[in-house]
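K.L.:
Feature list, courtesy of TrEMBL:
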REGION    A:1-44  region 'Disordered'
COMPBIAS  A:25-39  compositional bias 'Basic and acidic residues'
DOMAIN    A:54-223  domain 'CobW/HypB/UreG nucleotide-binding'
BINDING   A:GLY58, A:PRO59, A:VAL60, A:GLY61, A:SER62, A:GLY63, A:LYS64, A:THR65  GTP binding site
Amino acid sequence: MHPDHATPAGGAWPRPSENYVPHAHGPDEPPHTHPDPGVDPHQALAAGPRALRVGIGGPVGSGKTALVAALCRALGEELRLAVVTNDIYTTEDADFLLRNGVLPAERIRAVETGCCPHTAIRDDISANLDAVEDLEATLGPLDLVLVESGGDNLTATFSKGLIDRQIFVVDVAGGDKVPRKGGPGVTAADLLVINKTDLAPLVGADLAVMDRDAKERRGELPTVFLSLVEDRAATPVAEWIRILVGVRGPAG
Amino acid sequence: MSLATLLVLADGRLPAGGHAHSGGLEAQVSAGRVRDLDDVAAFLRGKLATSGLVAAAFAAAACRRPGRWAELDGGLDARTPSPALRKASRAQGRALLRAGRAMWALPPIGREPHQPTALGVLAHAAGLGPEEAAVAAAHGTTTGAASAAVRLLALDPYAVHALLARLAPACDRIAGEAARHADDAVNDLPAAGAPLLDIGAEHHATWEVRLFAS
């Protein structure tokens, strides 16, 4: 990466540096221009009244719903948040959140996916978009909407038309080779969560191997290790979301 | 009229929410009325002749005169006694509208019109005629439920598509009949009913565990 394009810790894009000096142009060079190194070429997250939408995907049983519950506990007091679930059994995940008392019923919407959890978050996102819109219409402005996918396989990813950022959750009990296998969820998710680290000694999973493989697959994208048994507030994930919400500013 | 535009509108991959609806099939599978390919064939023929004809006629009428959408929507409410089916139709209309707005310039037709109304208005905006709108409606009536049949009954997908090919002439016939009503007053449009679909949809809406939205 060109040093001008390095992103500082915290994710905010640098403004043009006072020390930045464009390279000199010789007399033989055809006329050309350079992009402003202080301008992020990527499309910015949409500003305005819409809530930040974070997709949470991952294989069946990796702990997506438990992570959503933990995030509701951690962030429910400080952010106006709502959850859309895509479990194949429409009310299962919503019931889990209700039973655990982490979110009132009116802040949860369940979406049916017709046996195709990946279709509902990637190819035809209409039911999920409608659910998000309905939540915002009922509850007023929100800061954060978590969209939890139904359990799927390693190829499942969220459409950018539905979410702003996505988290992919795998667990150590699925085998320490999962990060090495890759797939779009592992390689391209904005945050990879390797969950249930407390089980590692019981299932013979080597966290160092998972860490190394994740780094290899994901380059500079972040990976966090998590045990919801030991950290019921999912601290590193909650912190990652806090920074994202902070960058966007409050909803209108 | 652009044939390719019609194919875009009728494509099962159009992101218009259809994949989450079984067209009433899930309820009938669960009740044991639809178990194999022959049952699916009978189910689709019945659906085509009833709700398929109504959907096609209303799509054709909405395509002919998009400004009549509110009146047509009322006519569909009157022909849909099951509240669950009304809700399912309006949810799919809303999703179709979302996809339509991305593709063509649509006139205002409310936030959640019935699916056939939305389909007709989209067809008009796409430069298609009432007959094409009716074909798309009839075709969608069979393909959505057929795709759900593959998923719910683990049927051979080739056998199911062979069935759809056999039903294609029936789709054309129904669409032709529907399009002849495009200029009729709303009260004179077809009103064929399928009571088992209504009853099934009402049961289905009360289930705690279901795979499809309707």
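Backbone N, Cα and C define each Cβ position, glycine as well.
These figures come from a predicted structure and were not determined experimentally.
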K.L.:
Counting all other Cβ atoms within 10 Å across every protein chain shown, which of the binding-site residues A:GLY58, A:PRO59, A:GLY61, A:GLY63 scores highest?
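P.N.:
In terms of Cβ crowding, the pick is A:GLY58.
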K.L.:
Based on DSSP, name the secondary structure state of A:GLY63 (GTP binding site): helix, strand or coil.
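P.N.:
The residue in question, A:GLY63 (GTP binding site), is coil (DSSP, three-state).
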K.L.:
Could you tally the C-beta atoms, other than its own, that fall within 10 angstroms of the C-beta of A:THR65 (GTP binding site)?
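P.N.:
Result for A:THR65 (GTP binding site): 23 neighbouring Cβ atoms inside 10 Å.
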K.L.:
Can you name the residues of this chain that are 6 or more positions from A:SER62 (GTP binding site) yet have a C-beta less than 8 Å from its C-beta?
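P.N.:
Expected: A:GLY151, A:VAL169, A:VAL170, A:ASP171, A:GLY174, A:ASN195, A:LYS196.
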K.L.:
By a simple count, how many Cβ atoms lie within 10 Å of the Cβ of A:VAL60 (GTP binding site), its own Cβ left out?
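P.N.:
If we count other Cβ atoms within 10 Å of A:VAL60 (GTP binding site), we arrive at 12.
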K.L.:
Return the residues near A:LYS64 (GTP binding site) by Cβ distance under 8 Å, restricted to its own chain and a separation of at least 6 in sequence.
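P.N.:
A:ILE56, A:GLY57, A:GLY58, A:GLU148, A:SER149, A:GLY151, A:VAL169 - these are the non-local Cβ neighbours of A:LYS64 (GTP binding site), listed in sequence order.
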